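One structure follows; several queries about it will come next.
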């Protein structure tokens with residue numbers, strides 16, 4: 001029966017022209033959110049020529065529901081009043097969901113590319129779309145991903161918002177700086193007149209200021225708290241790494257203490273990536289209740305050994321940083337070379353950021369994957 005749907009079979013397909021038509025699309029300001037992170041397409045490439053016909057992300061739905069479409073999102077940024085085109089992003093939606101929820105499988109729509117796994121049912125799924133408070137999922141596929149496709153990773157919405165607010169604050173500061181300078185001149189003349197009047201009355205303002213400063217320093221010194229870890233008279237396994245060389249407490253790097261490159265060992269908790277590395281370490285309760293423990297006598301002490309296995313997400317940048325620290329002492333030249341590469345990439349990224357300084361009030365782009373904040377144009381142009 002037609003309303004029951006049919007199994008998808010690509011056996012009769014001979015072309016890759018999918019999801020293109022001559023009709024004009026409409027702008028939409030209320031686009032449902034995709035379950036997955038988007039794909040950013042390399043500029044100059046055509047998504048429909050590169051996308052495999054079974055290019056359905058893994059992780060949601062049953063076998064019958066592995067069917068849907070990729071929806072194009074055109075983007076731009078305003079730079080000094082000029083529109084600067086940005087690479088397209090493509091979001092995946094299951095059949096019967098998203099901005100084209102009423103479309104049938106293989107309907108010709110601008111900015112839409114239909115995909116399905118062999119054996120999926122060509123009827124609307126009941127999977128819906130992502131809630132605004134839920135994070136989008138990382139893209140994973142069974143087959144090979146075209147080189148022109150960049151699979152995006154999650155970025156913090158709070159970070160994006162804070163960058164926008166920071167730009168706004170910076171602009172406000174620059175606008176008010178001129179007013180402040182003119183006001184300061186008036187304030188200086190008033191201050192000079194007051195000081196002259198006090199001097200005539202025999203009040204020594206300089207000595208009073210000096211006494212006030214000395215009292216402030218005394219108060220600040222008394223409130224300063226020493227944050228250096230107290231490691232004296234503690235067992236090695238109870239010590240805490242502070243700022244500075246950790247070999248004082250844990251010894252030089254070796255086969256039995258093989259974590260940390262020269263920078264991390266020399267700087268301890270003040271090393272640049274220490275907070276990210278610490279996030280990859282299990283908690284005390286995980287070690288206590290999720291480890292295999294053994295013990296044996298060692299003279300007048302007991303030697304305790306535990307084995308703990310856990311998994312880190314492969315696509316998390318912190319995981320790569322963490323893995324580079326394992327056995328780093330045994331390959332110092334390789335580690336130094338990799339660190340130079342990272343610094344070079346970081347400087348290149350900073351330069352590219354400085355080249356484009358968008359106006360936060362007219363910017364129509366966000367690096368947080370929220371489709372509702374970006375203009376959608378369904379028309380495909382060659």
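Count begins at 1; order follows the chain as displayed.
Quick reminder: no glycine exception, Cβ is built from N, Cα and C everywhere.
Copied straight from Swiss-Prot:
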- 1-29: region 'Disordered' (REGION)
- 9: phosphoserine (MOD_RES)
- 17-27: compositional bias 'Basic residues' (COMPBIAS)
- 31-153: domain 'CoV N NTD' (DOMAIN)
- 33-159: region 'RNA-binding' (REGION)
- 150-240: region 'Disordered' (REGION)
- 154-163: compositional bias 'Low complexity' (COMPBIAS)
- 156: phosphoserine (MOD_RES)
- 164-176: compositional bias 'Basic residues' (COMPBIAS)
- 201-235: compositional bias 'Basic and acidic residues' (COMPBIAS)
- 224-337: domain 'CoV N CTD' (DOMAIN)
- 231-334: region 'Dimerization' (REGION)
- 254: phosphoserine (MOD_RES)
- 256: phosphoserine (MOD_RES)
- 329-358: region 'Disordered' (REGION)
For residue 254 (phosphoserine), write down the residues of its own chain that are at least 6 apart in sequence and whose Cβ falls under 8 Å from its Cβ; none is a fine answer.
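Listed in sequence order, they are 329.
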Please identify which of 9, 256 has the densest Cβ environment, defined as other Cβ atoms within 10 Å, among these modified residues.
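Output for this query is 9.
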Can you work out the mean pLDDT of the predicted model over the domain 'CoV N NTD' (31-153)?
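Within the domain 'CoV N NTD' (31-153), the model's average pLDDT equals 94.
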Across the domain 'CoV N CTD' (224-337), what are the DSSP residue counts per state (helix, strand, coil)?
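Counts, helix then strand then coil: 42 helix, 20 strand, 52 coil.
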Roughly how many Å separate the Cα of residue 9 (phosphoserine) from that of residue 256 (phosphoserine), to the nearest whole number?
56
Tally of helix, strand and coil residues over the region 'RNA-binding' (33-159) according to DSSP?
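Going by DSSP assignments, the region 'RNA-binding' (33-159) contains 13 helix, 42 strand, 72 coil.
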